[in-house]
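The transmembrane segment annotation in TrEMBL covers 90-110, 116-138, 159-178, 214-233, 239-258, 279-300, 306-324.
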Amino acid sequence: MIFLASRQCSATLHRRLWSSQKPQANFLGRHVLQPWPYHSSRISASQQRFITSVSDQQRPPPATWLDKIPSKARPYLALTRIDKPIGTLLLFYPCAWSITMASYALQAPISTPLTYLGLFGIGALIMRGAGCTINDMWDRNLDKSVARTLDRPLARGDITSRQALAFLGAQLSVGLGVLLQLNWYSILLGASSLSVVTLYPLMKRVTDWPQAVLGLAFNWGAMLGWSAVAGSVDWSVCLPLYAGGVCWTLVYDSIYAHQDKTDDAKIGIRSTARLFGENTRPILAGLSASTVSLIGYSGIMNAQGPVFYLGLTAAALQLGRVVWKTDFDSRPSCWKGFVGCGWSGFWVWMGALGDYCLMALA
């Protein structure tokens, strides 16, 4: 009888473990979607208590590394989107193009591009964060009505507008410290971009082309990087490079805006995603072609070598792949396409860097 009762209890426990749909944990504390796949007779009493304890707590793993940051600092870091580095890279790449192309044109020693790439990398990280803070201060009420943004720190009330303003002051102070490492021509040129950065969040309320305004701000480095290296801007090279960067921004930020087009329509936010509508794919294909053509023309004006055009070809193929494959009605697909556009900027830089390295080794 004792043996039969034991088998019955064991079978009951086994069925309960396998029928549960809640995540359990193994001995390493890893959450899995299926129950523990071993017969209960193989689990000791102490192991069973451990499994039950972890299961009862039902604590999911952290969404990002930000969840491990002290709670007081977490909202400020979340405000900067530091856990999503693609924004920093999109701001950095036009700077990197320009710095590398200027170093190639001037046959500068390797210390020159290394110094300025480091400075502009820090500057891109800081100023991208400052831009996010400005954007969220403008949009703190609108963000509450958009599913993707309602958990942002200001929209959720984790920090106040006054605290965000003080944090913005600190960000801009660090950004100014980086800018002051450059020559005076570059300091004035860099400071002049702040008006565009500040006005961008307002544009989505008054025009269907806020992505174009973002392009004006995000590609300022196409001019600033050159002036940092050379002391002034070579407009014959930098102007088509800048224009190509603006077209590139229209591609990736239109894809990004498709994530929110349904919510944006309800609250009156305007964007190229809503403007282009069903014609998005052919329009973005044309903008991608313009991006490649303008950057290519900039390379011609700078007498770039063949490696530059190999990189540009890789960028063109990447943009074509993104525009062709992105499902503009799917948020995950749009995010993947947005990130994929960043790789096109990377390949342009690799082409310019390859030319510089061949020149330096010659």
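Just so you know, glycine gets a Cβ as well, placed from its N, Cα and C.
Any TrEMBL annotation is an automated prediction that lacks curation.
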The transmembrane segment (306-324) vs the transmembrane segment (239-258): 3 or more CB pairs under 8 Å: yes
Segment-segment contact (the transmembrane segment (159-178); the transmembrane segment (214-233)) at 3 or more Cβ pairs under 8 Å: no
Tertiary contacts of the transmembrane segment (214-233) (same chain, 6+ residues out, Cβ under 8 Å): 90-92, 94-99, 101-103, 105-106, 108, 112-113, 116, 119-120, 124, 131, 182-183, 185-186, 189-190, 193, 196-197, 200, 241-242, 245-250, 253
